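Notes for the one structure printed next.
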Amino acid sequence: MASPTVKLNSGYDMPLVGFGLWKVNNDTCADQVYHAIKEGYRLFDGACDYGNEVEAGQGIARAIKDGLVQRSDLFIVSKLWNSFHDGPQVEPICRKQLADWGIDYFDLYIVHFPIALKYVDPAIRYPPGWKSASDELEFSPASIQETWTAMESLVDKGLARSIGISNFSAQLVMDLLRYARIRPATLQIEHHPYLTQTRLVDFAQKQGLTVTAYSSFGPLSFLELDVRDAVSTPPLFEHEVVRKVAQRCGRTPAQVLLRWATQRGVAVIPKSNDPQRLRQNLDVTGWDLEEGEVQAIAALDQGLRFNDPIGYGLDIPIF
Ligand code: NAD
């Protein structure tokens, strides 16, 4: 089964359902990507920071070699890490990431966070993470405008077909839209029933940006990272409202959470190792929640954010 696509403001079609590569282990990544392609996944959401772009690229190369897909069937997403926001660093790091994947363009290249950190030479540490070469949290003076202008030149040079942003607030999106020559095609944000971000989603969609949800299952993804609120928050899969809707639709709670997003035009990028779950997660379009169910799930909102630098002990209060 394949995912339907959504037309981006860049003119390209993006699958509404994809496969996220965060926390996918290096030793299983190539196989996971290969199997996901076999199951019908076409969008892969990677990043420098995930440290597995080489392996993801190997999975893709094998799928192409075996005739499962062609490059043009795939939609490969990667992200510019915080340490590479300085204008002159954007193109070299994008080229390195393309070489790691073994491809010559990204379908979508995203500014991972609106946070500019001091440059770290990849020869010293890669991926660099949050600290500088001297192991401190050090900022770069690069403005978002400087970074975005360099992102636009990636499109001019054919290195990225579309460019986007992630973890941006409405204020930052508004500001960026004032000077953007090429508008961001997508805004990727944490989005689940405990953090619905309705105003931001509505604003972005009205401005023609496609919203992509990450961490659609809320606290689940953050248990292994021991994020405090994730451990103390009731799992969404067991929430009575979600379970009732799942029962009525004859679907799993995971599918209900993903459909709740896609029904609002929000793209999703879950991952799984399990073939049955892989299939389930792709089957989240073409059937509907009732309007009352969409509202009831949205009413679980608590403004509860799990992916927050502050929660990782970093003094960066962007949210
Ligand atoms: P996820 O969607 O991968 O879900 C978390 C966990 O749910 C997984 O570990 C998996 O074991 C489990 N799961 C998946 N399908 C299931 C099913 N059908 N039934 C039961 N359990 C299931 O969460 P995530 O990794 O936080 O987010 C998804 C993707 O979003 C990431 O891989 C990454 O690509 C992207 N992301 C981006 C940012 C950003 O800052 N832009 C931050 C976090 C994640």
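Counting starts with 1 at the first residue shown.
From the backbone N, Cα and C atoms, a Cβ is placed for every residue, glycine too.
Here TrEMBL flags Tyr50 as active site, proton donor. Counting only same-chain residues at least 6 apart in sequence, those with a Cβ under 8 Å from the Cβ of Tyr50 (active site, proton donor) are Leu21, Trp22, Lys23, Val24, Pro127.
Marked as substrate binding site by TrEMBL: His112. For the recorded site, His112 (substrate binding site), the DSSP three-state label reads coil. Remark: His112 (substrate binding site) has Ala47, Cys48, Asp49, Lys79, Leu80, Trp81, Asn82, Ser166, Asn167 as non-local neighbours, by Cβ distance under 8 Å and separation of at least 6 in sequence.
Annotated domain 'NADP-dependent oxidoreductase' per TrEMBL: 18-301, in sequence order.
If you look up TrEMBL, you'll see Lys79 marked as site 'Lowers pKa of active site Tyr'.
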- Can you tell me the three-state DSSP label for Tyr50 (active site, proton donor)? helix
- Item | Mean of the pLDDT scores, which run from 0 to 100, over the domain 'NADP-dependent oxidoreductase' (18-301) | 97
